[in-house]
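Notes to accompany the following structure.
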Amino acid sequence: MTQLAQQEKKQTYNFNKLQKRLRRNVGNAIADFGMIEDGDKVMVCLSGGKDSYTLLDILLNLQQSAPIKFDIVAVNLDQKQPGFPEHVLPEYLESIGVDYKIVQENTYGIVKEKIPEGKTTCSLCSRLRRGILYRTATELGATKIALGHHRDDMLATLFLNMFYGGKMKSMPPKLISDDGKQIVIRPLAYCKEKDIEKYAIAKKFPIIPCNLCGSQPNLQRQVVKEMLNTWDRQYPGRLETMFSAMQNITLSHMCDPKLFDFKGIKHGQLIDGIEGDTAFDEERITPMQFEDEDQTDFSNNEMINFKEVN
């Protein structure tokens with residue numbers, strides 16, 4: 001076997017390994033949070049970035065082997081930003097044969113009119129985009145709206161809320177809209193951004209750059225993201241441990257009286273499921289081990305039994 005053939009074989013092996021890991025993580029998230037049910041019509045919001053491309057690709061892959069039946073429609077919101085390559089997404093979606101809809105709304109013009117030059121436009125832009133996507137989901141008869149946020153986004157949001165908002169709050173993997181009419185899901189909740197980046201490169205998705213609007217970057221989020229990336233380099237496995245902590249919350253050892261009845265604690269009271277006091281003890285914490293990235297699994301349940309699809 002030539003050196004080139006060996007290299008190609010290794011690349012194929014690594015890609016298959018990566019795809020299986022993403023399939024497993026998405027399948028686990030779907031199962032754990034009841035994201036997709038039999039008969040659902042899932043509207044995948046496609047921005048043209050690596051995350052939403054990967055989300056659509058993996059869901060289409062799983063759709064072929066799922067024990068339940070669900071439909072997929074891809075939706076892109078063309079916000080009329082100058083320089084936006086309008087042909088890229090339709091050409092890609094037609095090439096893979098998926099149902100899609102391009103919604104054209106000049107939210108860019110509204111944002112430029114309302115927000116002073118140089119200020120961050122993300123907040124208003126997000127509100128406008130959300131309203132349009134909710135309306136589109138209703139028009140299409142979609143029962144679920146799938147977004148491309150991943151594990152690293154959820155961790156960054158947790159620290160953003162702690163550092164700047166004084167809240168222990170992250171992105172939920174599944175939520176219902178304020179009016180109760182739309183259910184939003186994040187099937188990439190267990191997926192690492194590094195895996196998504198590798199997958200997008202391997203699949204050669206036609207990525208559309210996200211710097212078209214000219215808005216200043218979200219500096220707070222960027223600071224938090226750089227902090228997390230530094231931790232990940234210096235302390236491998238720390239992000240996995242922190243995400244695991246989001247799934248293992250002991251309310252009796254937090255400080256929110258709305259979530260735990262501290263006033264109701266009485267002498268002689270024994271409460272099932274409540275951890276004891278370690279205030280006078282040195283608490284020994286055994287570090288979690290995540291040596292093999294293939295074994296990184298945040299699921300509490302068995303994943304939906306998807307068959308392998310090449």
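Using N, Cα and C of the backbone, Cβ positions are placed for all residues, glycine too.
Marked as motif 'PP-loop motif' by Swiss-Prot on the basis of sequence analysis: 47-52. The [4Fe-4S] cluster binding site feature in Swiss-Prot is assigned to Cys122, Cys125, Cys213; the stated evidence is sequence analysis.
Using a Cβ-Cβ cut-off under 8 Å and counting only residues 6 or more beyond its ends in the same chain, the motif 'PP-loop motif' (47-52) has close neighbours at 76, 88-89, 147-150, 188, 193, 196-197, 199-200, 205-208, 210. Counted over every protein chain shown, other Cβ atoms within 10 Å are most numerous around Cys125 among the binding-site residues Cys122, Cys125. Across the range of the motif 'PP-loop motif' (47-52), the DSSP-based residue counts are 3 helix, 0 strand, 3 coil. Confidence annotation: the motif 'PP-loop motif' (47-52) carries a mean pLDDT of 96 in the model.
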